[in-house]
Amino acid sequence: MTRTSPRHHAPSETKRRVPMGGVHTNPGKKLTITAVAFQFFINGLVLAAWATSIPHVKNAYSFNDAELGVLLLIMAAGALLFMSLAGYFSHVFGSRRMSIQSALLFPSALVLIFAAPNCMTFLCSIVLFGAANGAMDVLMNHQAKALEENGFPRIMAFLHGCSSTGILAGIMTFGVIGDGHYVARSVTLLTGILIVARWLFPHLLDDVRSGEHRLAIGELRNCKLLMFGILSFLTMVTDGAIAEWSKLYLIRVEQVTDQVGSLGYVAFTLLMIAGRISGDRVKDAIGCRALIAISGSLASAGMTTALFMPSFAGKLAGFALLGLGMANLVPIIFSEAASMNTVSKTVGLTFVSVCGYSGFLVGPPIIGRIAEAVGLGRALLFIIAVGVIVACASVFFDRHRSGQPEP
């Protein structure tokens, strides 16, 4: 449930929080929602463009696997650091300004990565890329939560669906359609983003602030916040593991080509998009607790199907079902963490963002280590366990529907 405190209903407070041309006029409503959705789309698009270009970067600089691992660790460190600082920057400089800067810096850093004339410039670009990604991840969720607080209770899952759509677009732009010309493609990507952003980003919500912006150690003793963090971590472990290992699993088991092996992740992503687009309405209809329980069960059933169905079509159906099950977990966790009465919105979002991003990073190597010992198929049983844990954890979520207070 999205809890809205009484102050958000006060006319004077609403006017202060929502800029002119914001969500109180019909054209402004559409433009504000579109602007925030475009942020999520950019995030998925640029992240996928980078991920599919990693082999090119490795070959261009002759990195070995260990050096590439260090490189990704440096990028992750920058992301985690600026995730932690994003709330502070938003508090000091304003949400709209920082959201715009991070959203434009992210694709700009991608151009610098491909155009870097030497290794030192490349390393600086990687740090900048990670920092922009981390800050943008937190800030765009601030904007999403602000929309929920200003009359759009069914929006978080849809916005995360826009991110998944961006991921598909990034895979198509940089992974499927040819090879080479990375600088030209990244510049074209940045130019398109700048053109659309010039029109949309002035309509982002401004002054999205929430009092305390520092994560105090004492707040980590909050059991519900810790639970949200653990669930965010496990959910993103699964996302990272499927992104990395689903293709290899199908290639090994079904003896298919690289292109055909990619269909597993495509099926996963397509059903995730479908689930997120409809997720807010489903949550409104059946309640948060029921949706979490169903999602965890679908995820476990999907991974079980993908592992044990003998046919290739059956395995694809399993990955699709897994994507449907995973679709609404992150949006709900983020929304609930930002709605807690015992910690500020900024602290809740920052904590679950850091936990989730950490899970996405460590998920593939965790599965890889387990696979070395017991085989990839058995290692992926871990994802079935994640679904069971999520379904059991549904009892800690409110059972009420959106807009209905918990009795």
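Including glycine, each Cβ sits where the backbone N, Cα and C put it.
Here is what Swiss-Prot says about this protein:
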type     : residues : note
REGION   : 1-24     : region 'Disordered'
TRANSMEM : 31-51    : transmembrane segment
TRANSMEM : 69-89    : transmembrane segment
TRANSMEM : 109-129  : transmembrane segment
TRANSMEM : 157-177  : transmembrane segment
TRANSMEM : 186-206  : transmembrane segment
TRANSMEM : 225-245  : transmembrane segment
TRANSMEM : 255-275  : transmembrane segment
TRANSMEM : 290-310  : transmembrane segment
TRANSMEM : 316-336  : transmembrane segment
TRANSMEM : 347-367  : transmembrane segment
TRANSMEM : 377-397  : transmembrane segment
Selected stretch (most C-beta pairs under 8 A with the transmembrane segment (31-51)) from 69-89, 109-129, 290-310, 316-336, 347-367:
109-129
Do at least three CB pairs under 8 A connect the transmembrane segment (157-177) and the transmembrane segment (290-310), leaving out pairs fewer than 6 apart in sequence?
no
Cβ under 8 Å, sequence separation of at least 6 from the ends of the transmembrane segment (225-245): give me the contacting residues as numbers and ranges.
51, 219, 264-265, 268, 299, 319, 322, 326, 329-330, 333-334, 336-337, 340, 342-343, 347-348, 351-364, 366-368, 371, 376, 379-380, 382-383, 386, 389-390, 393, 396
Would you kindly check 109-129, 157-177, 316-336, 377-397 and say which stretch has the most C-beta pairs under 8 angstroms to the transmembrane segment (255-275)?
316-336
Sequence-remote partners of the transmembrane segment (157-177) [C-beta within less than 8 Å, at least six residues beyond its ends]:
36-38, 40-49, 51-53, 140, 144, 147, 185, 189, 266, 269-270, 272-273, 275-280, 283, 327-328, 330-332, 334
Look at every Cβ pair spanning the transmembrane segment (347-367) and the transmembrane segment (109-129), keep those 6 or more apart in sequence, and say whether at least 3 of them are under 8 Å.
no
Cβ under 8 Å to the transmembrane segment (186-206), counting only same-chain residues 6 or more beyond its ends: which ones?
17-19, 21-23, 28, 31-32, 34-36, 38-39, 42, 45-46, 49, 94-97, 99-100, 103-104, 107-108, 110-111, 113-115, 143, 146-147, 150, 173
